[in-house]
Amino acid sequence: MLKNATRLIRTPLLTVTSRSQHSLPKLDYPVEGGVPPCISPKQLDYHYNKHHKTYIDKLNGLLPGSEFEGKPLDQIIVETAFDQKHTQVFNNAAQHFNHSFYWKCMTPNGSEFKGEIANAINKQYGSLDSFKKQFTEQAVALFGSGWAWLILKDNQISIWKSSNAGTPFVENAIPLLTCDVWEHAYYLDHQNRRPEYLKTFWDVVNWDFVNQQLVEASSIKHMSE
Amino acid sequence: MLKRTTWSLPHISLLTNTKRTLYGMPVLGYPIEKGCAKLLTPRLLDYHYNKHHRVILEKLNRLIEGTRFQGQPIDQVIKETELSDVSAAIHYYANEHFNHCFYWKSISPNPHKPYGTLKNYLNNDLRSYDVLKKEFMSKATSHFGSGWIWLVLFQHDYLEFRTYSNSENPLTDDCIPLMACDLWEHAYYLDYQNNRQKYLERFWDSIDWGFVNANLEESIKQSAVRLGGETMEQLHPRFTVNRDAPFEVTQKLQNIRIAKGVVTNKVYFDKSVQERIDRGEKFSYRDQDEFESADSDDEDYDEEFEKKL
């Protein structure tokens, strides 16, 4: 299952690896526009060009000469996940992945809720509103820094929380949707009002991407069977 | 020696503003409209105090109202809820209220330099002031995610910097808290964005060492009260005179002289001073210089230390 998960991550991810130098993935929307109505241009600029970039720079600084040089991102993450000796590598690599995934989960002014994902959510949670409520509750209840996820595990979708740099595929789960709840993700726009940030997050979710994740995950599963 | 230091300070109730039955916001030692010197702009201070801290306090009060925790000193609440699943939220909010109260006192727009007992500890520490700062900076910058860095006293002897994640603090650890620095992003984001290094440099310059000293001396007094009687000689000989306390000799035990509210080391007394003490003469802090023996290196050391500051 883990092998399938990592195979999935490689394809849709834009993380460019060339000669062990990781770099910022290109966004599908201009930084100067922000991601209305959730993220202002200034917030997006800081988050993307400072925070995300710093994780990548640190990762690139740690790799040369190490056993992880030249390896793809998902492999680095999986190999360092439970290894205390390489916590720094894991933190930066996982945050690089998490942020790259987060950018894809959003699109200015959102998108239509349809497709396989709509069926799955309605089946599991009854309605989109009910799902949003539960996801928001989990995201708001997360103490400290971390991420709220919608994941696919054991053929079922569920809501999952991770602390700091935690990422689902080291737990044998496939990420479908994520929301960054580290304070740096929303502080300039919403300060301490995390529920308000979550509310506007729903207006920017890129359901096409989420749907694509689900469809690809299911197809890989069928291939392995 | 005490393995796990149980630390219950009456002044914690004052620190966290425990009145009657619910907790209140601590009174800041400096006006919010002015911020805190170069460290915090008024806007950041206002947000952190009036939005983050106040919300935490309100949630805490709502959670403890009507429960057995209502009216208890906060350190007691924190220790009792440490391992409880049911009271995890109370533990978290109580921690954060305590942490923030400590933080507001740890900084000042006109901070004191180290003096008193703290200065003695620093004098006897092998690390210089600059080395301590480097330790603080390196631990604080490398801490990943939300959390706090504390200056703590470990086993009555060692000054250490310890980092904790999220809301944890020394009350559930085996050391005594002396100073706190908030590493959560909300503590610095509005002014410094992701430049935690710059925030920490400015924080170091804003540390109110007078508060650190007060905590240190208070914990020593508490230890003295708890240990009592003949076990006083277990106390560390590096204690010094509290500036404000009158110096009265009440007891003589082996190598340690105990004075009311004060502990001094006999090494510093010469014969003529001893006679004056035996006659029951009253002394003040300023007389302490007389008590130090001619062979003591401390005077030179003090000058060096002053230069470093």
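Cβ from N, Cα, C; glycine included.
Given the structure is predicted, the values throughout are model-derived calculations rather than measurements.
Taken from TrEMBL, the feature domain 'Manganese/iron superoxide dismutase N-terminal' covers A:21-107. As annotated by TrEMBL, Mn(2+) binding site applies to A:His47, A:His99, A:Asp180, A:His184. According to TrEMBL, the feature domain 'Manganese/iron superoxide dismutase C-terminal' maps to A:114-212.
As a whole-number mean, the pLDDT of the domain 'Manganese/iron superoxide dismutase N-terminal' (A:21-107) in this prediction is 94. Other Cβ atoms within 10 Å of the Cβ of A:His47 (Mn(2+) binding site) number 26 in total over all chains. Counting every protein chain shown, the Cβ of A:His99 (Mn(2+) binding site) has 25 other Cβ atoms within 10 Å.
Cβ proximity to the Mn(2+) site centre (mean Cβ of A:His47, A:His99, A:Asp180, A:His184, cutoff 8 Å) flags the following additional same-chain residues: A:Tyr48, A:His51, A:His52, A:Tyr102, A:Trp182, A:Ala185.
Contact annotation for chain B: of the listed binding-site residues (A:His99, A:Asp180, A:His184), A:His184 place their CB atoms under 8 A from a CB atom of that chain. The DSSP breakdown of the domain 'Manganese/iron superoxide dismutase N-terminal' (A:21-107) into helical (H, G, I), extended (E, B) and coil residues amounts to 54 helix, 6 strand, 27 coil.
Within its own chain, A:Asp180 (Mn(2+) binding site) has A:His47, A:Asn98, A:His99, A:Tyr102, A:Trp147 as residues 6 or more apart in sequence whose C-beta sits under 8 angstroms from its own. As a summary of secondary structure, the domain 'Manganese/iron superoxide dismutase C-terminal' (A:114-212) carries 49 helix, 24 strand, 26 coil according to DSSP. Around A:His184 (Mn(2+) binding site), taking its Cβ as the centre, 18 other Cβ atoms fall within 10 Å, counting all chains.
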